[in-house]
Every structure is written in C-alpha cells, then in structure tokens.
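Inspection log for the structure reproduced underneath, given as structure tokens.
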Amino acid sequence: MRRTIVVGNWKMNNTIAESIELATAIAEKVGATKPECEVGIAPTFPALHEVGKTIEWSGVQLAAQNCHYENDGAFTGEVSTRMLAAAGCSYVILGHSERRQLFGETNEIVNRKVKKALAEGLRVILCVGETLDEREAGVTDKIVTAQVVEGLADVSDISTLVIAYEPVWAIGTGKTATKEQAQDVHASIRSTIEKLYGDSAARHLRIQYGGSVKPSNAAELFAMPDIDGGLIGGASLKVEDFMAIIEAAG
C-alpha cells in the first residue's frame, strides 16, 4: 500500500516572517490531527532553515524547490544539495514546469540534479508534464515518457523517488485535468517505470498530481488508483485550503 503524499510548493511567496507564521499554523494542525498521509512544505531558500526549525517536531517534511548539480563553486545564485541537507531538507522538487519553461531546464539538466540530490541522500520529487500545445497535438505520453526516461537516466535506485505529474496548462490557470485524464497519464508513468525498474518498483512508486488542486477537487483526484497525493501550489498558501486537501488525502 502506497502512502499518499501531499507537498505544498510555496514558490516565490512569503517573507521569512510570513513563512514562519504559515509553517507554524500548518505544523500545529498536522501535529494535532496526525493525518495518515505524508505532508511536506517547500518554502523559499531564505526561509528554509527557520521553517525547518518551526516544523521539526510535527512530522511535516521540509522540501526545497530546486538545487544545483555541483557541490560548490562559481555558480552565482545557486544552492547545492549539501547546503539543502545541512539546512534540514529531506525532499527537493526538481524539473518543475516553471523551471523548464522559464529557466530553460532540459531533461539532461534535470537528470544531473536528480542524480546529485539522490547521492546526497535527499528524496526527489521529479516533475513531469506536457504543455497545452503538446496535449492538443496528441503527444502527451511521448513527452511525459521522455521526461521520465531521460530524467532518470543512470539512476539505479528509485526507492526514495516521487514523481509529480503536472500538466503545464493546468498550473496556476484554474484549469484542472479531469480525474480520468490525470489517471491515464499516471498509469502511463507507472507503466514506464515498470519497464525501466520492474513490477515491484512500479507498484511502490508514489505519483502525485499537481495542477490547480484545491479542496473542491482533491478527493476525486486522490481516489484514482494511480494518484498518490498532490504537489500543491496556490492552495498551500492558505492554511484551511491546504489542510482540507491533506484531509482528502487521508
């Protein structure tokens, strides 16, 4: 039985003080309700350490939104995996569509980051997903499969990996894939993993859905057989909305 996982990606939102306030409220509610699902939050880099201290008692996992594939050096503005581990992170989100679309990250770059993060002992949330043009052209499976295969090149152990399917056209737009559309892609991802790593790895892999998940649609999405939780954007910035999604995840 796969344990559902819900992670809030705060993106470029909240000052350190605002992040501590939000994290405190989430930690208190998670600590009190003890949901069956795994819960994580990904604040901005400046807030990571303080948020980590705020939530460490609660069971809420600390996640980073990105990393570099080198340990250190002349990479202005970048943060390494060992820095994230030292800050208390257990997860790192890699290959998010905004990184791919806005910052030109290729499958090769994402793969280098994935390998580095896993080697550091971080758990990786690998994001994959198609644009609206790609969906309308009927190449969703081709695009997503390539992102999975190339993103995991030379990765032998995926036991600590999570994959997040995030259709680009449904991120921050208010549009959401139907539960059937999401399930179809999740099933395809699991099939790809089975071909790469075998039946056991595929059955144990957790695949999140990310794309305008909100309290009103979370339960029906999470009820699908291959959807194992959500990577939550805007709704994770509101305590009540985020907690409602966590409750829907079980």
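For all residues, glycine too, the Cβ spot is worked out from N, Cα and C.
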Among Ser58, Ser191, Ser200, Ser212, the candidate listed by Swiss-Prot alongside Asn9, Trp10, Lys11, Gly172, Gly233, Gly234 for substrate is Ser212
Whole-Å Cα distance, His96 (active site, electrophile) to Asn9 (substrate binding site), is 10
DSSP, reduced to three states, assigns Gly234 (substrate binding site) to helix
Cβ neighbour count within 10 Å, max among the recorded positions Lys11, His96, goes to His96
